[in-house]
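In Swiss-Prot this protein carries:
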BINDING   MET46, GLY195  substrate binding site
BINDING   ARG122, THR168  ATP binding site
Amino acid sequence: MGNWHEWAELLERVRGTKPLVHNITNVVVTNFTANGLLALGASPVMAYAKEEVAEMAKLAGALVLNIGTLNATEVEAMLIAGRAANEAGVPVIFDPVGAGATSYRTETAHRIAEQIQLAVVRGNAAEIANMIGESWMIKGVDAGEGSGDVVALAKRAAAKLGTVVAITGKEDVVTDGQAAYLIHNGHPLLTKVTGAGCLLTSVVGAFAAVEQDAVKAAVAALTYYGVAAEQAAAEAGQRGPGSFQVAFLDALARIGVDDVKREGRVEQR
């Protein structure tokens, strides 16, 4: 498929085009997601009303759906927006937050996957496993490490869902069901900042807005994000998660393609 170092250059394309990323995300992370996308160089919009989501989705470069704080009205808006995005050829990125934690959450994740053509599904191992009816340890909306081969799980999920799957954790995996890429960047402090995973999903959306190959977009996004986290931790990690969060937003804005190429650690499986 090519050298991942070349895919890192998508960062410049994102910053050059400033794609509009339409987020229907959860109330806990809205501000952090918007600020993170702005730091990256994308243009965020948070539109939830079912009366306007179809129109907004068609205007966007990507649509991001996140079920972190779902309710019936929001789910209806997601389905309307997703169908409109599919009609317009706009990539849809899905974050099945907490799939497996409750039956309603799991059923909603399945419903979205069945009714909308998804470009990328980004979640932790438990969420992805529950998306395809497999068991994995989960606690609330955050998963433990669980057990099993995450690469194999990701490939099964990609094949079953018909989409690119990105599983994030201590190591990140991106696959289309055939080739798989492991990204070894990141930092544990990301788990101490509410919305870090949700923002990552939206960052994948920004990269998918400028690159039709969803594997390339996801690998480039996750590598960039992980490098930014490592730089932020080196700068402010000892002061704690509050300082890290600020430093992380700064790093998202500061780092360039050369940083990603130099510090990225990507392995093909």
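Including glycine, each Cβ sits where the backbone N, Cα and C put it.
Taking Cβ-Cβ distances under 8 Å and a sequence separation of 6 or more, the neighbours of MET46 (substrate binding site) in its chain are ASN23, ILE24, THR25, THR30, THR33, ALA34.
Straight-line distance linking the Cα atoms of ARG122 (ATP binding site) and GLY195 (substrate binding site), rounded to a whole number, equals 13 Å.
Reported as a whole number, the C-alpha separation between GLY195 (substrate binding site) and THR168 (ATP binding site) equals 14 Å. Neighbour list (THR168 (ATP binding site), Cβ cut-off 8 Å, at least 6 residues apart, same chain): ARG122, GLY123, ASN124, GLY186, GLY197, LEU200, LEU222.
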